[in-house]
Amino acid sequence: MADKFDVIVIGAGPGGYVAAIRAAQLGLKTACVEKWVNKEGKTVHGGTCLNVGCIPSKSLLETSHKFVEARDEYGDLGINVSDVSMDIEKMMARKDKVVSQLTGGISGLFKANGVTSIEGTGRLLKDRKVEVTGHDGESQTYEAENVVIATGSVPVDIPPAPMTEDLIVDSSGALEFQEVPKRLGVIGAGVIGLELGSVWRRLGSEVTMLEALDTFLPVVDEQISKETYKQLTKQGLNIRLGARVTGSEVRDNEVVVKYTDSDGEQEQTFDKLIVCVGRRPYTENLLGDGTGVELDERGFIQVDDVCQTKAPGVYAIGDVVRGPMLAHKGSEEGVMVADIIHGEKAEMNYEAIPSVIYTAPEVAWVGRSEQQAKKDGFDVKTGVFPFSASGRAMANNATEGMVKVVTDASTDRVLGVHIIGQHAGELIAEAVIAMEFGSSAEDLALTCFAHPTLSEAVHEAALAVDGHAIHMANRKKKR
Ligand code: FAD
Ligand code: NAD
C-alpha cells in the first residue's frame, strides 16, 4: 500500500483542482489523480474546461468576434481598415497557447500549495481506497480519509449521427477545424451549438442548426430567448426548430444528414457536422465493488445538498452530480466540500448560480425566469430596460438587448435577472451579488451606479419594476 492521504480527489477539472487546492490550503494532506493526456503525451490538469471547453471556446469566440468587428463595424466608427482577413492557423495556435499556459498554471498551483499530483486513472475501492493505473499500465493503491469524485462529463452521442474521424465531430473536434467549413451542420441549438456555430459563422461558414425541440432555448426567460433568436438569426445562423435527425451518411468527404421537420422529410449536405446534444456524467470503470456510492437513473452520482454520497467520507462534485454543468458550479462545490472535510459548516446557494452564453450579444441570467417564477406560484413583477436607451451602449455601438429584473410582487425580492447585451456575462455578477444578499428591486434602485456604464441598465431595470426608470417612457405602475 502506498501513501495515505487526508483527501484524494479523482479528476482535476475545475471541480477537482479547486477542491484539491482548497483542501491543501486548509492543511489537509491532499492528492489529485488525473488521467488526461495532451497531444504531446503529457498529463495535463484543468479537465474539460481548460482543455476542450470554456477556455478554448472563449478564445475562438473572442478572435472571431474581433474579426467581424474589424470587417463589418469599424467603418461605422470611422476606422478605415481594408483587406481584413483571418489566419486560422494563427488563431488556433494562440488558442492552444492559452490552453497550455492555463493547464501548466494549475500544475504550478498544485506544487505551490503542496497538492500531490498522481498521474493515471483512478478507481474507487471499498473503504476509501483509490487504485490508480498509470499510463504504463502499472497500478498502485492509495488510502484516504476522504475521497472527492470530480470525474466530470463527456458528450452525448446519438445513433443517427455517430462520430467519425473528422467529418462528424463533437465540441472538441469543432475546436480543432483547420479551415473554415463552407457548409456547417450543427445538431442541437443549445449552449455549445450557439457558441461554436457563432465562431464558424463569423469566419464564413453557412451554418444550419437542427434543434429537436420546437422551443428555442427553453431554459432562458422567454423575452430574452426571443431576442436572442432574433439577433442570432440576423447574423446568419439558420436555426431550424422541431428538426428530428433520422440519419447521416458520409459520402465523398461530405456528410448527408436526413431529418424531419414540420415540412416533412429533409436532406442536407454539409462539409462538417457538429453533434452537441448535451453531456452525460462520466463514471466509466470508476467504482469498484462495495464502495456504497450510488448512481441515479440518469447516471449521475447521487449526492445530498452538500455533495456527500451514500458512502461516508466520499463526496462528488461538478458535472458528475446533479445541477447545471458549469465550471463555476463545480468549483464552488469543490470549495464547499473541502471546507466540510476540514470540519467547517459550509453550504452552497444553488439559486444564485449564473449562466452565460458567450454569443454576441452575450446572454446571461441568474435565478428564475418570469415564466418559472409564475410556475412556482409567485405573484410576479418585472422591470425591463433596453440597451438602446443606454448612453454607454450607444457610445459603444452596441445597443442591442435589454436587462430584465423579475421580482416577487409581495416582497419586492429579486427572483431573477436576465440580460442580453454586450458584456452581459460581466454585468450578471452584480445581480448574483444582489440575489446572494437577498436584495429587493428597491435596494438595487437605491444603489449608485457609475455613469456612463452598461451596468446603469441593471439599475434602470430595477427602477422600472416600480415604473420609475429615468431614461425611458415607463409603463404606468402604482407605487
Ligand atoms: P471536467 O472538467 O470534465 O473534469 C473532469 C476531469 O476528471 C477530467 O480532467 C478527466 O480526465 C478526469 N477524470 C475522469 N475520470 C477519471 C478517473 N477515473 N481518474 C482520473 N481522472 C479522471 N462551463 C462554464 O461554466 N462556462 C463556459 O463557458 C463553458 N464552456 C464550455 C464549452 C464547451 C465546448 C464545453 C464542452 C463545456 C463548457 N463548459 C462551460 C462546461 C464546463 O467545461 C464543465 O461544466 C466543467 O469542466 C465541469 O468540471 P468538472 O471538474 O466537473 O469536470
Ligand atoms: P445543451 O443541453 O445546452 O443543448 C443541447 C441541445 O440539443 C438542446 O437544445 C436539446 O434540445 C438538443 N437536442 C438533444 N437531442 C437532440 C437531437 N437528437 N437532435 C437535435 N437536437 C437535440 O447541451 P450542449 O450545448 O451540448 O452543452 C452541454 C453542457 O455544457 C451544457 O449543460 C452547458 O451547461 C455546458 N456548456 C456551458 C457553456 C457556457 O456556460 N457558456 C458553454 C458550453 C457548454
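Cβ atoms are placed via backbone N, Cα and C, with glycine included.
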For the NAD(+) site that TrEMBL describes with GLY188, ALA189, GLY190, VAL191, ILE192, GLY193, LEU194, GLU195, GLY278, which of these is also annotated: GLU165, GLU211, GLU254, GLU297? GLU211
Which of GLY120, GLY122, GLY288, GLY290 does TrEMBL put in the same FAD site as LYS58, THR151, GLY152, SER153, ASP319, MET325, LEU326, ALA327, HIS328? GLY122
Nearest to THR151 (FAD binding site) by C-alpha distance, among the recorded positions CYS49, CYS54, GLY190, LEU194, is CYS49
Check the binding-site residues THR151, SER153, GLU211 for any whose Cβ is under 6 angstroms from an atom of ligand 2, and report them in sequence order. GLU211
Measure the Cβ-based neighbour count of LEU194 (NAD(+) binding site), defined as the other Cβ atoms within 10 Å of its Cβ. 24
Around the Cβ of CYS54 (disulfide bond), other Cβ atoms found within 10 Å total 21
Any idea what DSSP makes of LYS58 (FAD binding site), helix, strand or coil? helix
Using a 6 Å cut-off on Cβ distance, which of the recorded positions GLY188, GLY190, LEU194, GLU211, HIS451 come close to any atom of ligand 1? none
